[in-house]
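Feature annotations, courtesy of TrEMBL:
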type	residues	note
BINDING	44, 45, 46, 87, 192, 243, 244	substrate binding site
SITE	153	site 'Transition state stabilizer'
ACT_SITE	233	active site, proton donor
Ligand SMILES: CSC[C@H]1O[C@H](OP(=O)(O)O)[C@H](O)[C@@H]1O
């Protein structure tokens, strides 16, 4: 299923808050609707957010196409800034917007800017899918035969332009007949694992076992897990990884149980400006996301809440980082540079 469908004057976004029971698209005719879709997680997942934001800029360019060039650019750059403010952690958002801003600043004709923005957004989408397939090939080499793999949150087709990052490695490994079971963390509080990953993998006839997040440790103790693979929202130059809340705990458990812990991410997820993960902003989300499941309160409506959407896994807990350019192993500061350069 496609997360993003760009159709000339509108962007259709698969509303992921309604999955897995309802398959419905949100029609975005302007960039503010795209901003809302990102903030409310109708579209989510680091690469998918970047793709949606890029098309949001294209929609904005068409909204302003009758303005003279200076006004056109001023309004367009304001739309870029508003898209940048939707969510703070996934660097793919800022990476995509930066590429669009370069185009806005480079060209001097309104029609030329619009044409080049549309080409760039399409490139960002198609390139992400291609990177995911390459990542799948590189990562599957690490996966043993009859592998029982644990994954967290959703780093699949629903988080990207297709095929997925962590789930791309699982898909490629499954196509090679190497996956005997995927243990899927439900991933509280928004249940991306239960609602999205379980749905995606079952659609592909990949065997899954859904577990609560608090069961992962016991599964490892029972020796049910051969390796763990997750996605990422931002990776610093030293290999520290920001990913869905709960990832750090899995990495600590993996170390304690001597289980390989892999992170899969395209080059657009790396933030080469950050020496370490300490500076990665961790998004905090609304309290009711924890107090409620759907529309039902499962906690006192006025209970205090701490709701960080991500956590930080230090590089020393990561066995390897799987990218579209190849597999990166420690020393990460040195080897990220060697494999990816500075990301250009
Ligand atoms: C392909 S990386 C997806 C990444 O994004 C998810 O976060 P969210 O659902 O809040 O956008 C999660 O951290 C995944 O690993």
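Any Cβ shown, glycine's included, is placed from N, Cα and C.
The maximum pairwise C-alpha distance among 44, 45, 46, 87, 192, 243, 244, the residues recorded as binding substrate, is 17 Å.
The highest number of surrounding Cβ atoms within 10 Å, among the recorded positions 46, 153, is found at 153. DSSP assigns residue 44 (substrate binding site) to coil, not to a helix or a strand. Close to the recorded substrate site, the chain also has 49, 90, 153, 154, 155, 159, 231, 233, 309, 310: residues not among 44, 45, 46, 87, 192, 243, 244 whose Cβ is within 8 Å of the site's Cβ mean position. Its Cβ placed at the centre, residue 87 (substrate binding site) has 21 other Cβ atoms within 10 Å. Within the same chain, the residues at least 6 positions away from residue 45 (substrate binding site) whose Cβ sits under 8 Å from its Cβ are 3, 90, 154, 155, 158, 159, 160, 231, listed in sequence order. Among the recorded positions 46, 87, 153, residues whose Cβ is positioned under 6 Å from ligand 1 are identified as 46, 153. Taking Cβ-Cβ distances under 8 Å and a sequence gap of 6 or more within the same chain, the neighbours of residue 233 (active site, proton donor) are 46, 89, 90, 91, 92, 242, 243, 244, 269, 310. Using a 10 Å Cα-Cα cut-off from residue 153 (site 'Transition state stabilizer'), the binding-site residues that qualify among 44, 87, 192 are 192. In sequence order, 44, 153, 154, 244 are the residues of the chain that are 6 or more apart from residue 192 (substrate binding site) and have a CB within less than 8 Å of its CB.
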